[in-house]
């Protein structure tokens with residue numbers, strides 16, 4: 001499981017490469033639309049193979065890697081389109097755009113989450129993989145409708161470098177521009193905070209195995225939990241868009257981190273069985289806990305997206321935004337690895353959960369460690385705007 005999870009995360013760590021490709025290599029005359037179509041076809045291929053031919057763990061790793069690549073690439077392209085529309089706008093308007101995107105994502109999760117569990121129980125995993133393969137095809141079909149200005153490219157059979165002798169020089173300038181942008185204090189310092197904020201240890205995997213192996217949660221019930229968390233994500237986006245998009249980043253991070261740490265401790269009640277002594281079943285407690293934590297997590301992540309979008313200079317929307325998001329994803333990977341190390345240290349296995357409570361407490365307390373570095377974030381929207389150029 002760790003191997004597959006690790007491989008599936010790799011495409012998300014090199015997102016700047018996709019941004020550079022999308023910005024620099026128009027495909028069939030388009031920088032965004034063509035790559036969305038291609039990503040959809042690639043995802044459909046990977047899940048079709050999972051539904052039919054794949055019968056080994058190595059084949060599964062390769063297909064999941066390809067599927068993750070297709071989602072990561074399309075994610076970069078869509079992010080760049082949002083950044084293009086958010087450039088020069090206030091934090092409130094930029095927040096509304098991000099809220100629209102992530103609200104749409106949460107709504108998609110609401111539609112699909114419950115059935116992902118119940119269909120596994122009813123028809124098996126290959127059937128679900130086949131259904132999943134249809135969704136990237138829909139992405140490709142919708143991408144054709146994207147309005148984008150056509151970019152002249154090389155004629156048929158003509159090499160890109162020959163058609164544009166200054167391409168290498170232009171690419172070199174883009175890399176230098178990216179490096180200079182990342183080195184700017186108003187970009188570098190918030191990025192350091194975001195990385196450290198994401199890099200604190202996580203106990204999610206250990207808790208997952210506790211709920212499945214110890215408490216006996218079924219795929220159908222986990223689908224219900226996923227449905228609740230999707231609704232919670234939509235609620236979190238709504239809360240941010242309705243009440244918090246004008247609140248300073250520092251205040252949002254401070255409040256959500258402290259409240260999230262407090263509520264994260266409630267998982268100890270589930271592990272120790274104290275929830276049953278309070279008259280709350282394991283299932284209902286897990287649903288309520290997931291709902292609250294997801295709302296807080298979504299509210300705290302929205303400012304990250306808004307900040308990253310506003311820091312991107314014109315002409316490098318996809319590349320710089322992807323770089324910032326890759327750094328954030330890298331922090332999450334580090335947090336997962338640290339959580340895995342602590343899981344080993346505490347002797348928690350798929351069947352042994354004696355020290356799981358201590359692991360949860362330590363991981364939750366560690367999320368408070370980045371708070372003294374809140375000063376790395378811009379104090380308000382005007383500070384971001386004043387540094388954009």
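Each residue, glycine too, has its Cβ placed from N, Cα and C.
Residues or ranges marked as transmembrane segment by TrEMBL: 35-53, 59-78, 99-117, 123-146, 252-272, 284-308, 320-346, 358-377.
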Handout entry: Of 35-53, 123-146, 320-346, whichever stretch has the most CB pairs under 8 A to the transmembrane segment (358-377)
Key = 320-346
Fill in the blank from the handout: Beyond a gap of at least 6 residues from its ends, the CB atoms lying under 8 Å from the transmembrane segment (99-117) belong to 78, 82, 128, 218-224, 226-227, 229-231, 233-234, 236-238, 240-241, 245, 298, 302, 305
